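A.B. asks: The structure follows.
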């Protein structure tokens with residue numbers, strides 16, 4: 001049995017992030033599925049793994065971690081060298097490492113807050129509200145799209161200068177965008193990316209990666225209560 005266990009549902013963005021980096025480095029792992037609709041993540045045994053009662057929980061031997069971005073960094077530091085990957089830029093020099101850090105922060109502090117409300121309003125809230133069919137709050141969507149366009153404009157300028165966000169090699173900063181952007185691209189607003197050709201080409205390169213495809217096949221493009229995900 002693999003010493004690495006991921007507790008959660010693969011359709012959830014933060015679980016998908018952890019699975020993505022495990023797939024990138026080729027690490028052996030066990031996914032322990034959890035039914036979030038039934039509230040399994042709130043049960044005492046899971047709270048021991050994640051005190052905030054969120055998913056994922058992560059266990060590697062005696063080590064227990066939570067927070068998906070932190071887990072992903074741990075995975076890369078433990079297994080990335082064996083896989084011949086330097087996605088954190090730690091072996092590339094201090095300037096390269098700094099650029100990875102900058103764009104990792106941009107994803108978490110600028111991109112995620114802009115794109116996630118659209119995903120929540122269009123996909124997640126209608127899915128979790130009893131009875132389904134809840135209409136998105138269009139004011140929230142419109143304000144978020146305006147903010148997202150501003151962020152994408154900055155990305156477009158950056159990607160005119162380099163193949164990826166932190167330079168000409170793919171890094172942790174790029175791959176962190178996968179989970180929420182994947183779901184955003186299933187909303188009626190996916191065409192926003194068409195106005196930013198460099199960004200769209202970058203996104204298509206990310207989606208072409210085998211590890212990304214393996215993880216995204218477990219992320220549904222339609223959500224229905226009672227469906228088996």
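Glycine is treated like the rest: Cβ placed from N, Cα and C.
Fair warning: this is a prediction, and the values are worked out from it, not measured in the lab.
Below are the features I grabbed from Swiss-Prot:
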- 2-83: domain 'GST N-terminal' (DOMAIN)
- 41, 42, 54, 55, 67, 68: glutathione binding site (BINDING)
- 93-223: domain 'GST C-terminal' (DOMAIN)
A.B. asks: For residue 54 (glutathione binding site), what is the secondary structure by DSSP, using just helix, strand and coil?
C.D. replies: coil
A.B. asks: Taking 42, 54 as the binding-site residues to compare, which has the smallest set of other Cβ atoms within 10 Å?
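C.D. replies: The binding-site residues 42, 54 were compared, and 42 has the fewest Cβ atoms within 10 Å.
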A.B. asks: Considering each pair of residues in 41, 42, 54, 55, 67, 68, all listed as binding glutathione, report the largest CA to CA distance in Å, no decimals.
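C.D. replies: Those residues reach a largest Cα separation of 17 Å.
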A.B. asks: Considering every residue in the domain 'GST C-terminal' (93-223), what is the mean pLDDT value?
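C.D. replies: A mean pLDDT of 94 is what the model gives the domain 'GST C-terminal' (93-223).
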A.B. asks: Treating G and I as helix alongside H, and B as strand alongside E, what does DSSP give for the domain 'GST C-terminal' (93-223) in helix, strand and coil?
C.D. replies: 92 helix, 2 strand, 37 coil
A.B. asks: Can you name the residues of this chain that are 6 or more positions from residue 67 (glutathione binding site) yet have a C-beta less than 8 Å from its C-beta?
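C.D. replies: Once residues fewer than 6 apart are set aside, residue 67 (glutathione binding site) is near nothing.
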